[in-house]
Amino acid sequence: FKMSVMLETPELPAVFDGVKLAAVAAVLYVIVRCLNLKSPTAPPELIYQDSALSRFLLKSCPLLTREYIPPLIWGKSGHIQTALYGKMGRVRSPHPYGHRKFLTMPDGATATFDLFEPQSEHCTGEDVTMVICPGIANHSEKQYIRTFVDYAQKNGYRCAVLNHLGALPNIELTSPRMFTYGCTWEFGAMVNYIKKTYPQTQLVVVGFSLGGNIVCKYLGESQANQERVLCCVSVCQGYSALRAQETFMQWDQCRRFYNFLMADNMKKIILSHRQVLFGDNVKKPQSLSDADLSKLYTATSLMQIDDNVMRKFHGYSSLKEYYEEESCLHYLHRIYVPLLLVNAADDPLVHESLLSIPRALSEKRENVMHVLPLHGGHLGFFEGSVLFPEPLTWMDKLVVQYANAICQWEKTKSHCSDTEQAVSGQE
């Protein structure tokens, strides 16, 4: 009798309603926290030295001082921005038409890149070529590259896009070597081809993620590499693999999970070329002969793959030596052309401690500007009103806008120099 009375009391449904309300509130709280809905939108943080060049850039590049507004519902989550880039690349991606070029390297490797001609005249009337290095294991057929190339073509740029050695599924390796974190050989061969084939062209160097490390290292390796280069743009790179390796093993911001996914993709690429890289009938470097395939199969991080395979392509004796020598950190101060370093504060792959590198450089060097928006993830930077992103991203527009400004700056300098020479000649 007491039990039936308890069941008939009106308080119990109220308790259930309270539990439901608490559950809904908890879910909403998690959504708000995970999507960072309370995070503000703001113009990117800029670190630079006051100079004539920086003042010209601030005036000529509205995106540097304008608020970056990501899609309302999910755009403030660096994880979703990164996941969408990784899964989709871009939405409604165009299909620019290019010609594939093949270059034989001194060690027998075959470098490939795709060449896309401009679709309109450049705003300065000059011949300008963007030489582009994609992210890890990427190539010209990736959607984010296609979207950027199409936009650059429409703005009057010829584009040359490196296909990382071994990354294209339909191109076989011709020597026991793949692309690595900091090897600049293939990129340098592509740049030299462009300089030779188009003697009047000037270059804008662009690198995404791992490609940012390669292009900065390439420019800093030799002063000759900076000849005919107007500027360099690096997007979402980490600057030092040696410093990054510890942070990339941490679960903070799910970096360990991203590390696992990227390692799994690298394993698939390496194993797709196993016959050329590890076959018994292949003449390979002595350092590669002791690579343990069983360790490769069980690897769960990029560091394990780099230690067991990648460092051995170039004969490094340890992982520390490989990361130390192949990072652009020690080459950045040797770059004298205008340099734009772009990162996102919510990039889950690049730990905030690594951003002290571009910050310190841009506080000392007049040619360097570091751009740090609050949102964007890793190579995301999507824009859009509420839910669906636009095909063209903030990153795409910024790179072209900055390149246009540098081209205008160089043309103005050249015009002033010609005027001064004419005046002095008359005197």
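Backbone N, Cα and C atoms are what each Cβ position is placed from, and that goes for glycine too.
Annotated domain 'AB hydrolase-1' per TrEMBL: 129-384, in sequence order. Taken from TrEMBL, the feature active site, charge relay system covers Ser209, Asp347, His378.
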Return the residues near His378 (active site, charge relay system) by Cβ distance under 8 Å, restricted to its own chain and a separation of at least 6 in sequence.
Gly78, Gln81, Thr82, Tyr85, Gly86, Ser209, Cys236, Ala344, Asp347, Pro348, Leu349, Val350
Let me know how many other Cβ atoms fall within 10 Å of the Cβ of Ser209 (active site, charge relay system).
22
Per-region confidence, the domain 'AB hydrolase-1' (129-384) (mean pLDDT, whole number):
95
